[in-house]
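Okay, so here's the structure we're looking at.
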Amino acid sequence: MKPVSQIVRSIDKPLLFAGIFIIAILVVGTAYTLIVDGTMTLLSPTYLILQLKVASFLGIVAAGMMIVVLMGHIDLSVPWTIAASAMLATAWGGPFAIPLGLGVGLAIGLFNGIGVAYLRVPSMIFTLGVNVMLRGFMVMLTGGFSPSSVPTPAMLALAKGDIFGIPNPVIVWVLVSLGIAFMLTRTPFGRYIYSIGNSEAAVYLSGINSRLVLVGSFALCSTLCALSGILIAGYSSKAFQAMGDPYLLPSIAAVVIGGTSILGGSGKYSGVVAGTILIVLLQSVLSVMQMPEAGRQIIYGVVIAAMLLAYGRGSRLRV
Amino acid sequence: MNEPESPSLLELRGVSKSYGGVAALSKVDFSTHKASIHAVLGENGAGKSTLIKIISGVIAPDEGTVLVDGKPASFDSPQAANAAGIVSVFQELSVLPDLSVADNISITRPPTRLGLIDHREQRRRAEELLARVGCEDVNPRARVRDLPLSRRQMVEIAKALGRDPKLLILDEATSALTAADVDRVYKILHRLRDEGMALLYISHRMHEIEELADTISVFRNGQFIRTFAKGACSDEEIVQMMIGRDVSNVYPPKPVRETPPEPELEVKSIGWTDRLFDISFKVGKGEIVGLGGLDGQGQREILLALFGVLRNVTGTIAIEGKEGLVSSPVAATRPSKSMALIPEDRKTEGLMLPMSIADNITLTALSWLSRRFVIDRTAENNAVEAMVEKLKIKVGSTNDPVATLSGGNQQKVVIAKWLLTGARILLLNDPTRGIDVGTKEEIYRLLRELADAGTSILLYSTDYDELIGCCDRVLILYGGRIVRTLEGDAITETNIVASSFNLPLDEAGAPAAETAS
Amino acid sequence: MNNLKMRLSHNTGALIAFTLFIILYVFYSSLHPRGFTSDLFVQNSNEAMALILVAMAQTLVVILGGIDLSVGSLMTMVNAVASEVVIGSGWEIFFGIVFCMIVGLCGGLLNGVIIVYGRLQPIVVTLATGAVFTGIALLIRPRPGGEVDGDLSWVATSALSELPATYGWWTDPPGWFSLIAGIPMPLVILAVIVCGIWIPYRNSEIGRGTYAIGSNEAAAYMSGVRINRSKLAAYALSGLFAGLAGLYFAVQTGSGNADPIQAGTYTLNSIAAVVIGGASLMGGTGGVIGTIFGVMVLRSITFCFRVVDTDSVVGFLANPLLQPMFEGLILVIAVTLGAARAFSVKNRLNMFG
């Protein structure tokens, strides 16, 4: 029995809980479909792959959010970063829609990063303001006339195509995940991100340009949001104003459910993936079970709270 | 002064406490009496802090009993201990920076009128208590954040007195005080003792304890070693009790130079706001130069200005003849400058406490420990191990959080981080503050070794002994200016103290009582 | 004099917000055709009142050093509740109002209990409870609707003169009443809330504990502050304010609407208002008075856009398509000036933490 308990202990606690919960969601959902229509839709590969595809949009945003949260910051401009990059890509991109969209994200991220790192405005406030500003900017650009909101063929192919049955967005998500996980664990940049989350003063006094790391991280986060925006636009065949709204709070939830401390400095990337899948699956199974919006919101909130209570508790105040 | 058979106010019987399997205190019997100043001595990790925390209700012991006035007592919170007349002034300040002085002093049980806080009465009470600790100059309306560190500490003492303690615990209470304040605190403490109060006093400064204590208890490795009256044991004996081994030659010998060393760092007329004026000096290759004087005369600012932390610094510096101010720590650590700074507060400025020892050590060196933006793990491990060995850092595993180390070992990690960069100029901001005697010694030896190998060292210390023992030259600051440079045999305690008050050396015996805060 | 200077310097943020508000509002009313009339004040204060109350709720959590992402949702939930219960006979209305306040209080207390006993960060807890509150609001009011007592609606959103007139307190108002008859009712309600709840709280031991905890929680604990009690009280009071916001919103609109997007907007605006009002997100500073002016600054910016002359130099501001953009820009500039630490520090170490 000892080896088993050791293996269990060696697994990350958030990952373990999220895993158990994902299985629980599938079991409950399958029990429901079995009873109601005698099928096991939820366990079919088609359904699961579709869920992964939907999860990839949130997952890419959450990856960016995690980097920012690891440094003890937050990015509240996510909704309109997604929408602005997708809308500008479809409106003006033409053949360069995808690079243009990513460029927009990069620019927003640099702006956020400069505000946080150089002007020293708390990120929660600055990115909140940037979000409002971006919304205004898009109203200005798209309000007077209606530019094209139709994705280019390349965007459609990226979002809707597949390789050997694996949807492209999932492949993109996997590549992003591998990149981020490698960056966080194996590169100086990743080490600096964790270090800043623990004590930026110590990093600064160690002769490291902590501001550059902050700017880089915010830029990376917004670029990932833009990538997700491009995929979402391709997936839903249009770019629209509110397209980013459903991603802000779930991405924060995915990050913290995955065991990343909201205060920064600790957390593993694998947890974020698990958190993302958990949230997407929960939303999907609740809608399969025809739960009304009210019930979905309540269950969603209770699940987040329960997961956090299970393992996210801070230590008792030790002085 | 007080007889051991006088009734004990507080008694601990068989008290033990461990953290995660490591015993911080084991089976300690300890008692303290009314009308006495009782010093507790021991290295860091000896269990002093744990002892204090148990007595003051911050943590509960795993086993054993605490008796107050002979009756068993168990405190589950600081409030409960306060109610029993036990009040602490902690080493980590427990002041509330955003609140006013008056609010801080009456934070619990404030005077009320109609159920609401009576601000006028509260201010009156604050004035009274501040007068009692000789700080009439502090406005009770001022925010504590706006006070200098030494004044905050005095507010903290006033706050403790406001709770009418029967037993007052002072944990490194004078570490932030200026010399004048320390004298004042001594007087207050002696008076309180004469009024019948029991005082528990913890300090790393031996001469403080000699001046203050009636009774001394020594702890080592979580165990109670011995209690004795002041004067019953010599300094050497006490030190030996604390570290459990012989100590000889606390400070390594200084080299004898025929000619002054060639200058590595030349500081030319540096100024900064109203804190530094016209600071000029040289640090030679292999020289250890001390910064002395009362605390808060600009010593820290000099180090920060050199390291590029301060904005709008005037004047210039030259390193190996090349002129130019350092604009940021990034610039300071470039090979052309090759500086390193051991900061004032190692917990927030020197270390990332929750991260591993290895991560902390290699933080400064990641760029050359990586190949093509990827960290070379073998090189990293080798570097970490070399440093752990060189500095004799006591670690279980280098993957443990650095927070699990004792203060002395934490400071060694900070130093290791910079040794790894091979810095030629080392700036140290009170590196041995709150560190045990054994580690201090190792640090002194290390500094001298580095200097002998050609490193130029600028050392600020609040401990005059250290300046005397370590430095080739000592610059004394007063009001943001260098008022005197002491060299060779002139580096004596009398001269440092006299210069600190900006007195001519021949009047050294009678420093004026004015302060320079 | 010295003491006065010290008190002013401790409230710089609130003072700046106050000055900014006066400048903006004088600019606005002087350009407005109905400028400097009771009518306009009533209309403007109605528009600001719900956000003021929500931002007051946010203020308490910010003083503790946290962020509350559920204030807007809690307001929406109480709004939905109010649209069911604040109707009927006088006593029914009275108990309906009390019930709404209790619901708000309990919502806040729930946050507090989870945060204190679960030892979790407020931002993540309120993220979760915010979803729960929104869900409950949708459960009560799946579609916009419901009804709130008409007289109450009228009184609460008009000038003070309508209070005695509507309930027939007197036929001939006494002479002194004409002096205050033009004061907008929301301001009267706000004054009652501030004087009756906030100021006593601020000057109680428990309320000062809130500031102490935000300033340095460990030090507060060591100093003998009852941490849990103070925190729970702060969250409960925050809930009460959010509840009052929901109640006022229902009374103002005469109905209930469980709109999650509107809830989110209110939450985010409340954070902006608190910062403009001079509170530090690090905790320990700020207060409800500053926040009130923070909201007024935010609202005045919006008001100003309404009166810009299309033919003037800044005529482009009158373009409704540009307004959201400039609102955002001004918000960014305002919060940057209010919160940036980069310009003032001479010692760069003070930029962190």
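Placed from the backbone N, Cα and C atoms, the Cβ positions cover glycine too.
Annotation comment: TrEMBL describes A:15-35 (among others) as transmembrane segment.
Residues or ranges marked as transmembrane segment in TrEMBL: A:47-70 (among others). Same-chain residues lying 6+ beyond the ends of the transmembrane segment (A:47-70) with a Cβ under 8 Å from its Cβ atoms: 41, 78, 82, 123, 165-167, 169-170, 172-173, 176-177, 180, 184, 193-194, 197, 217-218, 220-225, 227-228, 231-232, 235, 247, 250-252, 254-256, 258, 260-262, 264-267, 269, 272-273, 275-277, 279-281, 284.
Marked as transmembrane segment by TrEMBL: A:100-119 (among others).
For A:126-146 (among others), the entry in TrEMBL reads transmembrane segment.
Remote same-chain residues near the transmembrane segment (A:166-185) are listed as 49, 52-53, 55-57, 59-60, 63, 66-67, 70, 157-160, 193-194, 224, 227, 231, 235, 269-270, 273 (criterion: CB distance under 8 Å, separation of at least six residues from the stretch ends). Residues annotated as transmembrane segment in TrEMBL: A:166-185 (among others).
Same-chain neighbours of the transmembrane segment (A:212-235): 53, 56-58, 60-61, 63-65, 67-68, 71, 73, 75, 77-78, 81-87, 89-90, 97-98, 101-102, 104-106, 108-110, 112-114, 116-118, 123, 149, 151, 155-160, 169, 172, 176, 189, 192-193, 196, 203, 243-244, 247, counting only residues six or more beyond its ends whose CB sits under 8 Å from a CB of the stretch. The annotation transmembrane segment is assigned in TrEMBL to A:212-235 (among others).
Long-range contacts of the transmembrane segment (A:247-265) within its own chain (CB-CB distance under 8 A, at least 6 residues past either end) are made by residues 12-15, 18, 57-59, 61-62, 64-66, 69-74, 76, 78-79, 82, 194, 196-198, 225, 228, 271-276, 278-279, 304, 307-308, 311-312. Residues or ranges marked as transmembrane segment in TrEMBL: A:247-265 (among others).
Residues or ranges marked as transmembrane segment by TrEMBL: A:272-291 (among others). Counting same-chain residues at least six beyond the ends of the transmembrane segment (A:272-291), those with a Cβ under 8 angstroms from any Cβ of the stretch are 14-15, 18-19, 21-22, 25-26, 28-29, 32-33, 41-42, 51-52, 54-55, 58-59, 62-63, 66, 177, 250, 253-260, 299-300, 303, 307.
According to TrEMBL, the transmembrane segment annotation covers A:297-314 (among others).
Among residues of the same chain six or more beyond the transmembrane segment (A:15-35), those with a C-beta under 8 A of the stretch's C-beta atoms are 8, 41-43, 257-259, 268, 270-271, 274-275, 277-278, 281-282, 285, 288-289, 303, 307, 310-311.
Beyond the transmembrane segment (A:297-314), the same-chain residues lying 6 or more positions past its ends with a Cβ under 8 Å from any Cβ of the stretch are 13-14, 17-18, 21, 253, 256-257, 259, 278-279, 282-283, 286, 291.
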